[in-house]
Structure formats: structure tokens, C-alpha cells
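Per Swiss-Prot, transmembrane segment is recorded for 4-24, 34-54, 70-90, 103-120, 123-143, 158-178, 200-220, 268-288, 323-343, 366-388, 404-424, 446-466 (among others), and the stated evidence type is sequence analysis.
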Amino acid sequence: MNAFFVFCTPECFLSLSALVLLLWQALAKIHDKSIGILVLADYLVAGVLLLPFVENQGIFWNGLYVWDKMAVLWKVFFLITGFLVSYLSLESDRLIPKARSEFYILPLFTTAGMALLASVRDFILLFVGLEIVTVSFYVFVAFQREFPSALEAGVKYLIIGALASSFLVMGIAFVFGITGSTQFDEVARFAQNNPVNGPLILGLVFILVGLGFKASAVPFHVWTPDVYQGASTPITTYLAVGSKAAGFVVLLRILNLPFYDPGFQKHWIPLISLMALLSVIVGNLAAIPQRNIKRMLGYSSISHGGFLLMGLSAHNKIGCAAVIYYFFAYMVAIFAAFLVVILLEKNQPSGVSIKDFNGLYLKNSLMAWSMAFSMISLAGLPPLMGFFGKLMVFFAAWDSGQHLLVIVGALCAAAGLYYYIGVVRAMFWTEPDNVQRIDLSPATKLLLWILSVGSILLGFYAEPVIKLVGSVLS
């Protein structure tokens, strides 16, 4: 691994950029908005630096770090996520006036940690990457110190996050104690040549508990609605997409290498299936009575975690491809939804409820249509991208014999239509209290158009995207 390649990796470039911006801000006192724009430029430059190495493959740092097509795909995903979160931060008016520049800069470290997780091949590096991400969110969630709800959310996230990290470390300790190594290859080799014993299974269970927190999977979901509601909306979006994806990219890595042996599979497949079943049931049913939009989307996120776990439980190539495709569909829909929420928060600083969407079509038709496409995609209705994501997950799970899981998942998806369509009904068929127009900047209009049209086109042309994901996995 030469020095130029190391510099061009997103985790290295973004970390160095963040350090430079922090020092520059401390010495030169740059305007906060200028810092935010520079952060957006950093994400674009990181994406450009990635291009020459897309086809590269290799294992580096004595087996700790892998560079393959799947790693590149997830790094691109995290760069897009970081870029969009930074734009949402610039658009949001609810941030604290003090230390706003740090609010723009710190996500660079978070994205670097997520990019590192895309390439992990060792449990120690896995823990380091997850802690970079988790500790960053401890700061972000409680950033709005003047709001009691933000402090409450921050404390809850800190306590449960620390507990999850403890389980993860304990699981890694069990795996190391039995196999004598933390490298994925060595653990897989040990499982092939030796019977999988009780302590090793216990280590696997502890690791799944730790990662279940990141995925907001039931029964490790209790923090999700409160933290989503209490955190600032850009950070809620980052938790819903980036943090969840970080947990799943690690699950994809460990379940398909160190724990791929049939001796492990007969234990983790039922556990993953149970978490998937509980998540789709609890997430969808708990979302129905919610009136706060962020809390509703928090429970919705739990249900989507269940559908993603359904793809993992299939333990086949189709299931892994379904998880990746589903995440891209989910990212597009969630960012469109939360961008609309941020725009509404300018007039509702205390929080946006479902009734605040009443007559949105009359106030700004682009916002209404963007939110409608987002809700329809999250609900899994054709022909949008979210429909094909759910269809792939169901097909993969059915093909692997998880028939009950698919039937329950389909019923829960149907139940979820109630709260998704409720938002659409409020925007188009409910009279508003006032018809005050909402004006948007040209950049925000463009982003809403891109997210809306992207969800439609990637639904109509899902086949080439699915083939691309399949080629990455091959």
C-alpha cells in the first residue's frame, strides 16, 4: 500500500481534512457557513480521489484491512451520506449558534470511521471503527444543549451505546480466547478445522447484541424513538442512514467470513430471523399511533432494520445484494423526507407533527411531491425504488426457506401503509390552517428534484443497479 493510495482513501483524506479545518477555524476564525461549504467540497474531493482505485483489490496491514469492490461501494455510500447530512446541516436553522463550525467539521471524522468499517478484516479494527462512529454521535445527539430533550436523548444514547460496546468487546474477547486470533480469516479457518463450541457461540451472540444496537433491531431498539426525536434533524438523518448502515456493513462482513461456517450459521440464522421478525412487527405497529414525524420515522427505521435483517437471514448472495440495494433505496427516501421536515421546522421550531403537513401541496408543491415519493418508497409501493428493495428481500428470504418470516413481513408492510399514506393524505387532501407559501433556495429545489427523480428512475431501471450490486458481490 503506497503513500498516495493511503492518502486517497476516504478515511485518511477526510480525517486529515477535518484536522486542517479545525486548526484553520481556531487560528483564522472562518465564517461558519464557509466551513460548511468547505466540508461539502471535502466530500466531493474524497469521491474524486477514490475513482483511480475503484478496480484495485488487496489485503493490507497484515490482514487488518481489505480493499475490494464491496468496500468501495460502501465508501461511496458513506460519502454520499456525509455530503447530504452536511447540506441538511447548512439548511437547518435549529443548530446552536455557538460552535456551529465544529458541527460541520466533526461529521468528517464520523464518515471516516464508517469508511474504515467498510474495509475491516479484523475484530480490533472493527471495534476501533465502530467507536469512532459511536463517540461522534454521543457529541452530535446532545449538541443542542439548551434543549432538555436533546440532553435526555444524548444521555440515553451514551448509556445504551456504552452497554452495546461492552457486549461487543466481551464477544471479541471470547472469540480471541478460543481461536487465538482476531483476524476474520483465522477465525474462519479455526471454525473449519475445529468444532464450534459453547464459548465461541457465546462470543458470536455478544457480538450480535452489540451490532443489534447499531441496527436499531428489536429488542435493542429502545433508544431509537427518543433519540431520533431529541436530536437535531440532520443528526437524526445521519443516525437513520449512516449509523444503521455502519452496523449492517459490519454484519455483512462478519457473517460472510469469520462466522460463515455451517457450525456458526445454525446458531446465528435463527437469532437474526427472530430479530427481523420482532423488528418488523414492533416497528410498524408502534409507528401507527405516532403524531410526531421524527418519532414516527424512528419506529419506521426499526421496521426497515427488520426487513434488512430478513435479507441477512437468507444467508445467500441474493440476500446480500438485496441488503445493499435496499440501503440505497432507503437512503434516497429518508433524505428526501428529512429535508422536507427541516424546511417545515423553520416555522415549527418546537417539532413537526403530522398535522403540520396539512395542505403542504398548497404551500409548496415540490416539497409535497418529494415527501409523497419518499413515503411511497418507504412503504414499498411500486414503481419506486423501495418496492424493489422489499421485493428482493422477500424473494431472498423465501428462497432460503424463511416462509413464515416473509408472510409476517408482508403483513407488517401492509400495516405500515396506514402511517405512510396518512402523511400523503394530510399533504394533499387536508385543509391547512394557513396557506403561507414556503420559498426554497435553488440548491434545495435541485436536491429535492434529484432525490425524487432518482427514486423513480432507480425503480424503473432497478435491473442494472441490481446487476451492478451482484457484480460487486461476485
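Just so it is clear, glycine is given a Cβ too, placed from its N, Cα and C backbone atoms.
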Between the transmembrane segment (323-343) and the transmembrane segment (70-90), are there three or more CB pairs that fall under 8 A, provided the residues in each pair are separated by 6 or more in sequence? yes
Cβ pairs under 8 Å with the transmembrane segment (200-220): which stretch of 34-54, 123-143, 158-178, 366-388, 446-466 has the most? 158-178
Counting only CB pairs under 8 A, let me know which of 34-54, 404-424, 446-466 has the most with the transmembrane segment (323-343). 446-466
Does the transmembrane segment (404-424) reach the transmembrane segment (123-143) with at least 3 CB pairs under 8 A, where each pair is 6 or more residues apart? no
For the transmembrane segment (123-143), distant same-chain residues with Cβ under 8 A (at least six beyond the ends): 64-65, 95-96, 103, 106-107, 109-110, 112-114, 116-117, 150-151, 153-155, 157-158, 161, 165, 168-169, 172, 175-176, 182-184, 187, 214, 227, 230-232, 235, 238-239, 242-243, 246, 250, 253-254
Tertiary contacts of the transmembrane segment (446-466), as residues 6+ beyond its ends and Cβ separation under 8 Å: 84, 87, 321, 325, 328-329, 332-333, 335-336, 339-340, 366-367, 369-370, 373-374, 377, 382-388, 392, 440
Sequence-distant residues near the transmembrane segment (34-54) by C-beta distance (under 8 Å, 6 or more away from its ends) are 5, 7-10, 13-14, 17, 21, 25, 67, 69, 72, 75-76, 79, 82-83, 86-87, 89-90, 101, 104-105, 107-108, 111
